[in-house]
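What TrEMBL says about this one:
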| type | residues | note |
| --- | --- | --- |
| DOMAIN | 1-248 | domain 'CheR-type methyltransferase' |
| BINDING | 45, 47, 51, 91, 117, 176, 177, 194, 195 | S-adenosyl-L-methionine binding site |
């Protein structure tokens, strides 16, 4: 898989082989010049709106009410949500849609969402927030109508865009999960780290989880992919639902 991805850069640069490309990046300043493009071809960016929908039901029915209750009597809380491997933004904007829908019926909380990813290319797409119509089939129709802009030309649009009001609630920034430190607030309420740990070995997984927990407030929540596990993790947590954990 890695070699087939590298061949994309080999062809783009007009080189003859992967070996020649490896020589290029290990030459003086080669990796510095190629770093961004190398990250893009080697990074997996599978993403959908409302992927693993049970998580968003849990967010709406359990997590957000719990967080508001934890801070009752201290004014209107601003909840901080972090999509730690946001790719092109589908997860972050799904979270924003869910919280915005909740805000229609209750006014006792505010929220902000941070999306981070290692790839500048996908972050640029996330900031623009324009998506092909094939991606929106997983979004409930009533939500689609409220939060997506479509062409008014009368023709079936090939693309849609997230409305400005929702885009304002989400901020995107570049970050590498394997870095020793993260430039993220240390009082985050909810962290989404879904379908990412599977790409790391056990030692790297544990290091990432420990760093993430340093940015999660006590009583906050971590959501991972349904195919992932924290059974061997040494951090203090309790499982409240499939692939949903609370810091204790």
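Note that Cβ sites are derived from N, Cα and C of the backbone, with glycine treated the same way.
Keep in mind that TrEMBL annotations are predicted by a computer and have not been checked by a curator.
Classification of residue 117 (S-adenosyl-L-methionine binding site) by DSSP places it within a strand. The Cβ neighbour count for residue 177 (S-adenosyl-L-methionine binding site), using a 10 Å radius and every protein chain shown, is 20. For residue 117 (S-adenosyl-L-methionine binding site), the number of other Cβ atoms no farther than 10 Å from its own Cβ, over all displayed protein chains, is 26. For the domain 'CheR-type methyltransferase' (1-248), the model gives a mean pLDDT of 89.
According to its DSSP assignment, residue 51 (S-adenosyl-L-methionine binding site) is coil. Following the DSSP three-state reduction, the secondary structure of residue 195 (S-adenosyl-L-methionine binding site) is coil. Of all the binding-site residues listed (51, 195), 195 sits in the most crowded Cβ setting, with the most other Cβ atoms within 10 Å.
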